[in-house]
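Notes for the one structure printed next.
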Amino acid sequence: MIRDERIPSDELRRIDDEIRSGWSTGGDVDFEEAIRYHESLPASKRFADVLESADKPLLQPRAGVPRLDDQIELLEYLQDDGKADLLPTTIDSYTRDNEYGKAQEGLEKARETGEDTLNGFPAVNHGIEGCRELIDALDAPIEVRHGTPDARLLAAITFAGGFQSFEGGPISYNIPYTKRHGLEETIEKWQFVDRLAGAYTERGVRINREPFGPLTGTLVPPSIAIAIMIVEGQLAATQGVRSITLGYGQVGNVVQDVAALNALQKLGDEYLPDEVCVTTVFHEWMGGFPPDEARANGVISLGGMTAAIAQPDKVITKSPQEFQGVPTKEANAAGLRTTRQVIDMAIEQNIDIDGIAEEQDLIERETRCLMDTIFAHGDGDVVRGTIEAFDSGALDVPFAPSDSAKGAVLPARDDDGRVRIFEWADLEMDDDIKEIHKARLSQRADTEGREESFRMVADDVDAISDGKLIGRPQGKGGVGSAD
Amino acid sequence: MIRDERIPSDELRRIDDEIRSGWSTGGDVDFEEAIRYHESLPASKRFADVLESADKPLLQPRAGVPRLDDQIELLEYLQDDGKADLLPTTIDSYTRDNEYGKAQEGLEKARETGEDTLNGFPAVNHGIEGCRELIDALDAPIEVRHGTPDARLLAAITFAGGFQSFEGGPISYNIPYTKRHGLEETIEKWQFVDRLAGAYTERGVRINREPFGPLTGTLVPPSIAIAIMIVEGQLAATQGVRSITLGYGQVGNVVQDVAALNALQKLGDEYLPDEVCVTTVFHEWMGGFPPDEARANGVISLGGMTAAIAQPDKVITKSPQEFQGVPTKEANAAGLRTTRQVIDMAIEQNIDIDGIAEEQDLIERETRCLMDTIFAHGDGDVVRGTIEAFDSGALDVPFAPSDSAKGAVLPARDDDGRVRIFEWADLEMDDDIKEIHKARLSQRADTEGREESFRMVADDVDAISDGKLIGRPQGKGGVGSAD
Amino acid sequence: MVLDTMSRTVVLGVIGSDAHVVGITILEQALSAAGFDVVNLGVQTSQEEFAEAAVAHSAEAVLVSSLYGHAEQDCQGFHEVLEEADVDAMTYIGGNLAVGQDDFEQTRETFEELGFDRVFDSETDPEEAIAALERDLHVTTSESEQVTVTS
Amino acid sequence: MVLDTMSRTVVLGVIGSDAHVVGITILEQALSAAGFDVVNLGVQTSQEEFAEAAVAHSAEAVLVSSLYGHAEQDCQGFHEVLEEADVDAMTYIGGNLAVGQDDFEQTRETFEELGFDRVFDSETDPEEAIAALERDLHVTTSESEQVTVTS
Ligand code: B12
Ligand code: B12
């Protein structure tokens, strides 16, 4: 039965040896040599330092293509033409499934045909050398972004390959990304990833870790996301990580988004040990996008505006082609520049919106309820508590595809467009908070002259792609019109 | 010596006959027949009614090409693909100069070559029939937009041609648009335009009139714009206009823009006679745009966000190609849809920003100072007062190219990005208000560690196109680096 | 409202290692509301799981969803697997079927060649899928009207 | 700072019926700051007014600005008018020179054919125009450095 305890050094070495034998490139890892490589990198490539010392939100896109030279070209473009402050390398789906063989096939096919037959960069297959070639070629720090339940080999190779930031976590890369991996299993695997990052940290190479805040990207109530961020931050801290970036995905209501980012930073600082430097990352809208680049630019800009007000440490931008598919590099850079323009025009303005403190207070109270129930479920151990709380449904994520979460909680927007909880299922929450949500949602139902139902949820899921924030009834029968 | 008095009917007829003889198409105007044509139009083409009864900001682009069929196609596109609520017809520059002969040449060359040799639609040359073909072809109401100091013939033909909204005014289409026309002259000419609109109004065809609020489009302090809007509204009301849309151009600081739009509506209602229905129009940023469509989309979106908060009756959108030249129809429609998306996502949110009431109060006080000085200059007559006040410099517009304005007042942004007055010249203003501006600007100068100077103004003029709101020194020498 | 379509069973799932669940959640709801009997296999469903479920529930249609850009690889040989299991159902595929900014007509061809009866893009409303199913499975028009008229 | 360029006179104005004044306001300021003697004719300046001013002030360069899209028409025959008036000055044109979304290289050609020595697009910083003037009017390098070094 695993607990929230640091993996002992010998155990770390044992697992490390074992997982590195999983694919040929694993054998090339030499920890001492890797430390020397990191030490040789200029200050401008030290991810944690660059992020933590920035005086305004840094922008980072998403991007990953199979071939190394293409990936270099893509990132150079995003750096030069998009003016990205931080760069990504998004990993392909086969690697996420630990199917390095299939990834190899895809990579070879890509090399032969010139087509992108993988939806990301297979870093394990490229190996340490390939990774370092990438790191060396670019000026900005680069993060590994993936969605891998078992990312141990990916971490071993990319850390040794010179990456200093690694997205994900045992919950956030499990619940939204996979059906069958148990939580206990992914926690155990991520303890290794964090422990490895901690081993580098101990040697002065502070690997930045970034739990994935948006989760399913679809109307996730802020407190659920924040509680999971705190848990993953705690787990990482236990293993020795000292630079942690907690994430949050825009819901589109400015007051709620600013309040949530404030709460995320505040509770992160409070719950995580003092020796951890906590930063925040804001993801531009992660749900369904409008099938129209012009409208998508509006969605992106609203994200920029929110970022200018809340001033997170980092913003992950979307492209106007988000709806359609993997964006061209031009569209990706355009998303960066649109965001930059909005932020830079708005950030020097004093924009204090009423009601942020109240909303933040509500989010904090909700988050504390969830944290309390997690600790209670685990008799004080956050690992056990997380597993038990998901099991009982006291902790849950809307639209979770994973068997490890009930996925029974359902969100809906209130009359102001803030995300509330419509179906609580077994989610743990104080009654007075539930009453607040209930009242807000019944106010909306009144406005719309209809009952609260799954149809409202479905309408809200589609609303932003349909051009609105709130999924108001349109007169004509929509989804669920027959119930 | 002209005064703010209604043109008598016989005088109206006399001038009407005279000006209609200025170009062949003028002869076709038959007032009674025109009234019947207007009466035959469906409710959806009654500009004033559509605008005044809307429950959210209506969107209108700018657009004009020389040939009729091209103009129809262009407007259909903006209506169908851009989802414009209100349509424009922008007139070419030769017509604005009353050079109908040159416009005719341009039009014929356009017809021969298929190229757009004019920068707008020569409505006078197209005549009543051409105008009506346009009105008939589109579903939405259409406004005439131009920039013509002497727009009498244009008005006579377009009103009879079925247009029910007409932009401009004696100050707003003089000071920013022309060097040599005297104010007395343009006022006299616009009295006719307004009187003609009033004649239609009397017969139940409420022609909407829209003074051009952005003026030079470049850092115009809100109170200057609002005072001129009120004056033009008063002049129009005197001549019998009953539907007046006062305009304002975004300066980019959200608090100041919302405050200005609030003040515009409030003071418009207060200063204009009760029988006038006062609405407001917000122009997305009218100054220099970034030479990059992605960044331009950010500027446009900030305008949309501001509109969602202030909720003017109408928004005039910009396109992402504003910097480059006359936009393609696709870019024009994109500007509309980006704006729509931002407004529709933000408008249902309760976004109350601190400090709007204070800023609005300041703007109102400034505007009253200017209105008081205008009345005082004219011994109670607003026409005389306006002429005298511009003459003495008590009323002035920054960057005015006209000989009728001193153009000596200079704006600069304060540390929050609000437009303040740096050089007052002879502008009339209470000392305590001047002190407020002074304090704000010296705060900025302190922040930047430099003196207030023309260089600050020049930096602010370029700031938005350079990607920022405030023209902070960039370390390297910019304009005026040698002074 | 209970319709005759209650007897019409459809199998629904996301193929391959794709985890995008929101689309099929909405689809499941809409199909059920329209009177279909929906067997939702969830995300990350293998070709074999689709075939087994289709056999076990005598499904009249198999609805495959894919969003993440690996649809083509994931569907190679899918129709052979169905055939081997003796599944004789309509097959639909929908979602975001290509990597990158592709032309949809090309994508449609690719998937029709793979054996799918209908191919839908990601702008597809659930109503369109329902209408197609009603046509393909010969649900009578009056029933379908009952469904769409109620608002 | 006083420079030798003080003697170098340039005429500046917006041609035709164009009223866009902001650009030349900034240019005037920058040119003066760089030591040029600027005769600013303002907006809506005719070809003849440019020629007269150039003669009257013995200008070494005539700087024409046009933003509103009629530059080509407005500049037809301009160099003939200058010639007739015996103006022997460098001629520059800048601003937004074409209607619509044109390719700048094409625009440059058009205006070079019309007789302009240099053609600038609307992304031109005043510094570029100053640098070109200094080169074309043989202002010594050390002077120009004095100008750009001070910040
Ligand atoms: C939310 C989201 C996520 C969430 C998913 C959470 C979850 N578990 O569901 C998260 C953040 C986890 C995620 C992860 C990934 N995502 Co994603 N995601 C999206 C996003 C933004 C919205 C999808 C959505 O929920 N839409 C709302 C629902 C209601 O619509 P829908 O899914 O399109 O379904 C409707 C229709 O398509 C249709 N339909 C769907 N299936 C079928 C089937 C049939 C038979 C029929 C008739 C109709 C039909 O009807 C549905 C209901 O109306 C889209 C982009 C977009 N569309 O805006 C990208 C997108 C689908 N994702 C993409 C990618 C690449 C990924 C990742 C690989 C990348 C990464 N960096 O992590 C991973 C994949 C993980 C995995 N193993 O699957 C790409 C796919 C690229 C491509 N196809 O070329 C997209 C298009 C984004 C992009 N532009 O790059 N994603
Ligand atoms: C502000 C503005 C206005 C204001 C002008 C106020 C005033 N009197 O100055 C108002 C609202 C009145 C206006 C009116 C019109 N405008 Co206007 N306007 C603009 C806008 C938004 C900014 C111009 C500006 O001030 N820029 C800031 C200054 C500092 O930059 P600049 O002018 O480009 O000048 C710099 C450089 O170009 C260069 N430069 C300029 N000239 C020269 C000359 C030389 C020799 C050199 C070396 C360099 C140089 O150096 C300058 C300093 O850095 C531009 C679009 C844009 N650029 O974003 C449209 C724009 C110029 N306008 C345009 C049009 C069509 C018009 C109107 C015809 C349309 C209308 N609907 O009313 C009228 C014309 C009226 C008239 N008779 O001239 C078009 C021109 C289209 C084209 N060329 O293809 C533009 C591009 C907008 C568009 N996309 O449609 N406009």
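Keep in mind that glycine also has a Cβ here, set from the backbone N, Cα and C atoms.
Per TrEMBL, the features are:
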{"type": "BINDING", "residues": "D:Ser17, D:Asp18, D:Ala19, D:His20, D:Val21, D:Ser65, D:Ser66, D:Leu67, D:Asn96, D:Leu97, D:Ala98, D:Val99, D:Gly100", "note": "adenosylcob(III)alamin binding site"}
{"type": "DOMAIN", "residues": "D:7-140", "note": "domain 'B12-binding'"}
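In sequence order, the binding-site residues near chain B (CB to CB under 8 A) are D:Ser17, D:Ala19, D:Val21, D:Asn96, D:Ala98, out of D:Ser17, D:Ala19, D:Val21, D:Ser66, D:Asn96, D:Ala98. For the domain 'B12-binding' (D:7-140), the number of residues in each DSSP class (helix H, G, I; strand E, B; coil) is 56 helix, 27 strand, 51 coil. For ligand 2, the binding-site residues lying close by, meaning a CB under 6 A from one of its atoms, are D:Ala19, D:Val21, D:Asn96; the full candidate list was D:Ala19, D:Val21, D:Ser66, D:Asn96.
Neighbours of D:Asn96 (adenosylcob(III)alamin binding site), defined as other CB atoms within 10 A of its CB across all chains, total 23.
Within 10 Å of the C-beta of D:Ser17 (adenosylcob(III)alamin binding site) there are 21 other C-beta atoms, taking all protein chains into account. Proximity to chain A, defined as a CB-CB distance below 8 A, holds for none of the binding-site residues D:Ser17, D:Ala19, D:Val21, D:Ser66, D:Asn96, D:Ala98. Note: D:Ala98 (adenosylcob(III)alamin binding site) has non-local neighbours D:Gly69, D:Ala71, D:Glu72, D:Gln106, D:Thr107, D:Thr110, i.e. same-chain residues 6+ apart with C-beta under 8 A of its own C-beta. Cβ-based neighbour count (10 Å, all protein chains) for D:Ser66 (adenosylcob(III)alamin binding site) stands at 26. The domain 'B12-binding' (D:7-140) scores a mean pLDDT of 93 in the predicted structure. Sequence-distant contacts (6 or more apart, same chain, Cβ under 8 Å) of D:Ala19 (adenosylcob(III)alamin binding site) comprise D:Val43, D:Gln44, D:Tyr68.
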